[in-house]
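Right, one structure below, let's go through it.
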Amino acid sequence: MTEMTAKRSPMAAISGVMRNAGIAVALVLLILVFSLTTTTFLTPLNLTNIMVQITLNIILAAGMTFVILIGGIDLSVGSVMALAGVVGATFVSNPELPTWLAILGMIVASCGVGAIAGTINGLISAWWAIPSFIVTLGMLNMARGGALQFTQANTVYIANPAITKFGTATVAGIPVLFLVAVAIIILGWFVLNKTVFGRMLYAIGNNEEAVRLAGHNTLFYKTAAFAICGLGAGIAAIMYMARLTSASPIMGNGYELNAIAAVIIGGTSLAGGRGSMIGTLLGAAVIGVLGNGLILIGASDFVRQIITGAVIILAVILDAVQGRLAAKRKGA
Amino acid sequence: MHNKLTVAIAAAMCSTALMAVPSLADQARPQVCLVMKSLANEFFKDMSIGAEEYAKSRGDFDLKMVGMQSETDFDAQVNAVDTCIAEKKDIIVLAPADSRAMVGPVKRAVDAGVTVVNFDVALDEEAKKAAGLDLAFVGPDNAAGAKEAGDALAKALGNGGKVVILEGNPGADNGIQRKAGFEQSIKDNGLELLDSRTAHWETEEANTVFTTMLTAHPDLQGVMAANDSMALGVVKAIDAAGMSGKIQVVGFDNIPAVSALVKEGKVLATVDQFGRDLASNAIDLGIKSFKDGKPLEGWVKTPIELVTKDNVK
């Protein structure tokens, strides 16, 4: 997979920026269309609603970006989110625990479950060099089955007032849930661009063999990328519980595909080695704005599904054209 | 109608209790195969627990239960039915995953001399006719239940109340029937339907879809959700919008997580179709029909009950 992509160079970095510009243009276009066709889209309330609605996908997609950058894929994030959620919910829904312990227990349990599941995904696929597609497909089933077994298929209702407060809090009118998601994007951007660890992930995505021959422990880096992705699923589970004060073993069904779509729309290459966290944020925003705007203009469910699929393809075409143009300009 | 059903079911249960004693005698025990949909669904999980308890308490038949991984995995269900035929079971009690696709396997079972009870979701009438299959249905009237919930909402809102519907999975039979029941209630009570969309039975999607519906229709007054998981998401959206008490919600299924909300008045009503008893009722009818050699006929309706603040447990 990895040999298909060119090595990263300053030129590639510039084309990366151009790619983000392409998706940003698409986002602005969408916003423009919905602002002109509805009176309700461009209102503060609707915009903050969209922010809350895309929180989960941003966080899952941020983790997914790490995995896709090394040329992997994680199909298990939706299920891992459910398992992390129902395990965390046993703490936060327990009225006998003091609030601080209930919250702390939830955070440790949800993040722990997510990170452990991610670590298992990474270790198995890296150690035995098994495609992560199949390993995480197995994990998808294990985590979903685990969540169902754990709850005996029951939805857990969370009556803890502290988490409700967190779920509805705003700072300067911006939902805290969204701010957390943006903070995660910024942190992810920093790790990927400003740390040796992050650069190493790009290098592995471009040419894993070269990295290994240079004496680096690729097993560690690859496992860490999956662990981060799993951790993201754990954090997303906490956001889910904060927003919906419930945890269900069937939550997050199919969310892995939305997360992958956000990452790819955001210009990250499925082959690995190329992409950015900011692109992922924009990709999640495109999906969220589209879902919201199509309801506001009154498109039927089925038409909505068709258009969403078409826009994913269009965004990727736009991205490819943009990338080719940028390469040509520099080649000339 | 309710009361009659309740009495009928009570009578059925009494007769079962009486039957338990003599039939402990070591005669040929009917072999029952219970084929359900996804055990990942609270409703079926509950049903399977109910069936297991029923088999234990009654003790005069052997029960084998089969569930599937997901609601739409009817391929696995076809295999399950074929396996039951091959194992020469006496009775197959089936909750079809697909009302048309399951007609073929059921026909095979009936032709092989197996007593088949179709419960929960009715097999499609036309498909049955095409296959030359005459089979009764045992189950709740989803449309009637949804209509009752809708009527409760209409009573709270009054004539001309503005409502939206959150539908189940497109194509799911119970979802289609519940939507039909809601629509009938809207028509009968002179409500105004602003929008109707699917949230695929799921809490988070219901929250997102409903929040956006509320943006598009800030004047909406009531929500009819085709299941309680979606009602949960709707209630959170209403809380977040600061509209608590101004928008009324009805759901379906009476899951434990919603009971608290019914008590608080955040969910006006939900519908209980006694999932726990549903499979045992069907098994009971199946064994009777098998022993008497008399096939079941028509639609044997099982009880449903509107759950409101007044009778919630």
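Keep in mind that glycine also has a Cβ here, set from the backbone N, Cα and C atoms.
In TrEMBL, annotation is done automatically, which means it is predicted and not curated.
Per TrEMBL, the features are:
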- A:21-44: transmembrane segment (TRANSMEM)
- A:50-70: transmembrane segment (TRANSMEM)
- A:77-94: transmembrane segment (TRANSMEM)
- A:100-120: transmembrane segment (TRANSMEM)
- A:127-146: transmembrane segment (TRANSMEM)
- A:166-192: transmembrane segment (TRANSMEM)
- A:219-242: transmembrane segment (TRANSMEM)
- A:254-271: transmembrane segment (TRANSMEM)
- A:278-297: transmembrane segment (TRANSMEM)
- A:303-321: transmembrane segment (TRANSMEM)
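Here the transmembrane segment (A:77-94) sits apart from the transmembrane segment (A:166-192); fewer than 3 CB pairs are under 8 Å, leaving out pairs fewer than 6 apart in sequence. Contact counts against the transmembrane segment (A:166-192), taken as Cβ pairs under 8 Å, peak for A:50-70 among the stretches A:50-70, A:100-120, A:127-146, A:254-271. Between the transmembrane segment (A:100-120) and the transmembrane segment (A:219-242) there are at least 3 Cβ pairs closer than 8 Å, counting only pairs 6 or more residues apart in sequence, which means the two stretches are in contact. For the transmembrane segment (A:21-44), same-chain residues at least 6 beyond its ends with a Cβ under 8 Å from one of its own Cβ atoms are 173, 265-267, 279, 282-283, 285-286, 289-290, 292-293, 296-297, 311, 314-315, 318-319, 321-323.
By the Cβ criterion (under 8 Å, sequence separation of 6 or more), the transmembrane segment (A:219-242) is not in contact with the transmembrane segment (A:278-297), since fewer than 3 such pairs are found. A contact between the transmembrane segment (A:303-321) and the transmembrane segment (A:50-70) is absent, since fewer than 3 of their C-beta pairs, 6 or more residues apart, lie under 8 Å. Counting Cβ pairs under 8 Å to the transmembrane segment (A:50-70), the stretch among A:127-146, A:254-271, A:278-297 with the most such contacts is A:254-271.
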